[in-house]
Amino acid sequence: MEKIGLLADDFQETAAHDDEQGRFPAEKIQALRDAGYTALTVPASHGGAGMSVYDMVLLQERLAQGDAAVALGIGWHLSVMGELGEGNSWNQDVFTFITDEVKKGAVLNRAATEAQTGSPTRGGRPGTAAVKQDGKWVLNGRKTFTTLSLTLDYMLVTAWIEEKQTTGVFLIHKDQAGVSIEETWDMIAMKATGSHDLLLQHVTVSDDRLVEFLNGPRGSKVNGWLLHIPAAYLGIAQAARDYAVRFASEYSPNSLNGPIKEVPAVRQRVGEMELELLKARQVLFTAAQMYDDPQRRQYVKSELGAAKYIVTNAALSIVDKAMRITGAKSLERNNPLQRYYRDARAGLHNPPMDDAVIGKLAAEAFDS
Ligand SMILES: Cc1cc2nc3c(=O)[nH]c(=O)nc-3n(C[C@H](O)[C@H](O)[C@H](O)COP(=O)(O)OP(=O)(O)OC[C@H]3O[C@@H](n4cnc5c(N)ncnc54)[C@H](O)[C@@H]3O)c2cc1C
């Protein structure tokens, strides 16, 4: 925890600059590799630390307090490895190969989103196609939102396989012929995640690189590792709260005899922020604990999605309150609150989406 705290504080120094420039901070991901952070979710069965979801959430929240874009990006890598470590349908030699690669510092992520499917959690069929030619798979297509694209070593790419009438997942290395990144990421939120387009032009892979088949939309599985997402947004909320509390303790306009922290309306907002943070944190860590506990995991239903919903919406509300406390200064370009405000919005468009969470809760109510 201490180590990640130091890295988070260090990353914070340049987070505003990276955001302003829309610059992908590859050196920060390298620092995480060097610190052994990227290998933490390799399962113990494969010589890794086998970190729990709870610990991942704890570390990711701290990292996001310093640099939310880096936390969200590396969170995808940690969660993909953690999820696979719990069991997978991969060829076991290929899985051992990838865990060895991650132990050596390789970073991976899923490239599942496409312009025509939107969120893969909706179950759309990928436009990216995989066709068998001369005993090998040949892939063609374009993926959008490929977070960490400029530093990924491996991508898990979804592709439609016409001959099998199903979607497969292929393990692709960044240096394979036909793999390229088009730098399309031009968003106002999470600007430093480098979530560019991944292009696949006649990318040829052997049969053992077809590692998974998707039965049903992504996101239909109970996957506690996705709690890395709310962890990042909780980090933003905590950073916004810390800023506002510091500001209210120090800002002393000459119309008052002391700092604005004595103003009842400011104290009211600070108290409300504390309450929202407390609720969000409780729900998130309880969901993580429930998932980590083998006895309780079988009972997990909507808790994971609900935690994501509650935390991301709390983050939006907490950042809003922090900005109201700070006043117009919160809109200055060099004020971190305006970055938190933009970054927190991205949480709404990470899975599971709010309507899906609410729909699932309603379905469970009617099924019970
Ligand atoms: C910062 C960031 C990082 C990301 N990183 C990655 C990554 O590393 N890899 C990756 O694969 N993806 C990534 N994504 C993509 C993400 O998972 C979503 O696929 C993406 O944000 C698009 O979601 P959407 O809801 O806007 O899109 P859409 O699914 O197109 O939805 C747009 C609108 O249409 C509605 N809609 C569309 N289809 C349906 C439906 N069937 N039923 C009901 N409503 C529907 C939605 O509710 C929404 O209002 C990232 C996204 C962000 C913001």
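Including glycine, each Cβ sits where the backbone N, Cα and C put it.
Annotation comment: TrEMBL describes 10-82 as domain 'Acyl-CoA dehydrogenase/oxidase N-terminal'. Taken from TrEMBL, the feature domain 'Acyl-CoA oxidase/dehydrogenase middle' covers 111-202. Annotation source TrEMBL lists domain 'Acyl-CoA dehydrogenase C-terminal' at 229-347. The region 'Disordered' annotation in TrEMBL covers 111-130.
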Chain residues in Cβ proximity to the region 'Disordered' (111-130) (below 8 Å; excluding those fewer than six residues from its ends, i.e. six or more beyond): 137-146, 155-162, 167-168, 170, 198, 200, 210, 216-219, 349, 351-353, 356
The domain 'Acyl-CoA dehydrogenase C-terminal' (229-347), counted residue by residue under DSSP: helix, strand, coil: 99 helix, 0 strand, 20 coil
Helix, strand and coil totals (DSSP H, G, I; E, B; other) for the domain 'Acyl-CoA dehydrogenase/oxidase N-terminal' (10-82): 56 helix, 0 strand, 17 coil
